[in-house]
C-alpha cells in the first residue's frame with residue numbers, strides 16, 4: 001500500500017513537472033510576432049522597392065532575377081539544416097540568420113551610397129549577392145524558428161506566421177508613404193530605398209537582440225524548452241543555458257540514432273505527406289503570380305505607377321488578415337485543407353483573363369483573395385500538424401514543413417520565369 005502511494009506521488013510530481021505553466025505568454029507572442037517580422041522584412045523590402053531597381057537596372061528584370069537568386073540559396077540552406085536538425089544548435093542557427101540579414105541590409109546601403117545610386121552590371125551583381133545572402137539567412141531562420149516554436153504552443157507559431165505577413169504590410173505601407181513623400185523630388189526612389197533598408201537594419205538588429213537575450217528568459221518559453229529537454233530534445237540545450245538553466249542530456253547519441261523513440265524524418269514526412277504537399281502547392285501557386293506577374297503583366301490602368309504597389313499592398317494586408325482567421329475558425333480536416341489548396345488553382349485562369357480583359361477592380365479583388373487564402377491555409381497547417389508528437393518530432397516536423405514551403409516558393413519562381421520566357425523575353 002505504501003509503495004502504491006509512493007508511486008502515485010511520484011507520478012503526480014512527474015506530471016506537474018511536465019505540465020507547462022503560462023507566465024509571460026502574451027509577451028512571448030509579441031516577441032514571436034516581432035521575430036516573424038524580422039525573418040522576412042529584409043526580403044520584403046527588396047521586393048517592395050522593385051520600382052527603384054527596375055528604374056536602375058531596366059534590362060535585367062530585377063524583380064524576377066533577384067527572386068531567382070534568393071530562392072535556391074534559401075532552399076539549399078534549409079535542406080541541409082533540415083537533414084541535420086536533430087544535432088543542430090537552434091540558438092546559433094537563428095542568431096546567425098538574423099546577423100546575416102542585418103549585415104546584408106547594411107551592405108546594400110553601403111553599396112548604394114558608395115556608387116551614388118548608379119546602375120550597371122557590376123552594381124547589379126552586388127545587389128544579387130545581397131539577395132543570395134538574404135536567401136541563406138532565410139534558410140537559417142525560417143526552419144529554425146518554425147521548428148523551435150512547433151514544440152511550444154500553437155499561439156506562438158501563429159504569431160510568428162502573422163509576423164511574417166506583417167512585414168509585408170509594413171513594407172507596403174512604408175512604400176506608399178515614401179512614394180507619396182519623394183515622388184516629386186530628385187532621386188525620390190533612391191531616398192525611399194535607402195530609408196527602407198535603414199529601417200530593415202534596425203529591425204534585424206532588434207530581432208537579434210530579442211532572440212539572444214529576451215526570448216530565452218521568458219518563463220513560459222523556458223518551461224516549454226525544459227519539457228522538450230525532458231522528452232529527449234537535443235536542440236534546446238543552448239537555449240536553456242541562455243535562459244539560465246543548466247541541462248545535461250541523458251541521451252546516448254554516439255551512434256547518431258537521435259533521441260530514443262523519436263520517429264525518423266522519413267516517417268514524419270510520410271505521416272504528414274498531405275500537409276507537405278498542401279504547403280508546396282499553396283506556395284507554387286502564390287509565387288507563380290506574386291510578385292512577378294502582378295508587377296509586370298497587369299497592363300495599363302488608371303492608377304498608373306501606383307497600380308503594382310496597390311496590388312502588392314492588398315496581397316500583403318489580406319495575407320496578414322488570413323493568418324489571424326484561424327483564431328476564430330480553424331480548418332482541421334486534412335481533406336478539407338487539401339481540397340481548399342487544390343481549388344486555389346482556379347485562380348490561374350482567373351488572373352489570366354482578368355489581366356487580359358478585366359478591370360483593375362477585379363484584379364485587386366483576385367489579389368486580395370490570393371493573399372487571404374495563402375495566409376489562412378499556411379497557419380492552419382503549421383498549427384495543426386505538430387499536435388500529438390513529442391518535442392523532438394515537433395521540431396523536426398516544423399523544419400520539414402518549412403522546407404516544403406520554400407520548395408513551393410522556388411517552384412513558383414521557376415513557373416514565373418517560364419511565363420516570362422513564353423512571352424518571348
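Here the Cβ of each residue, glycine as well, is placed from N, Cα and C on the backbone.
Here is what TrEMBL records for this protein:
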TRANSMEM  27-45  transmembrane segment
TRANSMEM  65-83  transmembrane segment
TRANSMEM  95-115  transmembrane segment
TRANSMEM  121-141  transmembrane segment
TRANSMEM  153-174  transmembrane segment
TRANSMEM  194-215  transmembrane segment
TRANSMEM  276-294  transmembrane segment
TRANSMEM  306-325  transmembrane segment
TRANSMEM  337-355  transmembrane segment
TRANSMEM  361-385  transmembrane segment
TRANSMEM  397-420  transmembrane segment
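By the count of Cβ pairs under 8 Å, the stretch nearest in packing to the transmembrane segment (397-420) among 27-45, 65-83, 153-174, 194-215 is 65-83. Counting C-beta pairs under 8 angstroms (sequence separation of 6 or more), the transmembrane segment (153-174) fails to reach the transmembrane segment (95-115), with fewer than 3 such pairs. Contact check: the transmembrane segment (65-83) against the transmembrane segment (121-141) gives at least three Cβ pairs closer than 8 Å, residues 6 or more apart, which meets the contact criterion. Cβ atoms under 8 Å from those of the transmembrane segment (27-45) belong to residues 70, 97-98, 101, 104-105, 134, 137-138, 141-142, 145, 149, 155-157, 159-164, 166-168, 170-171, 196-197, 199-200, 203-204, 206-207, 210-211, 214-215, 218, 220-221, 316 of the same chain, restricted to positions at least 6 beyond its ends.
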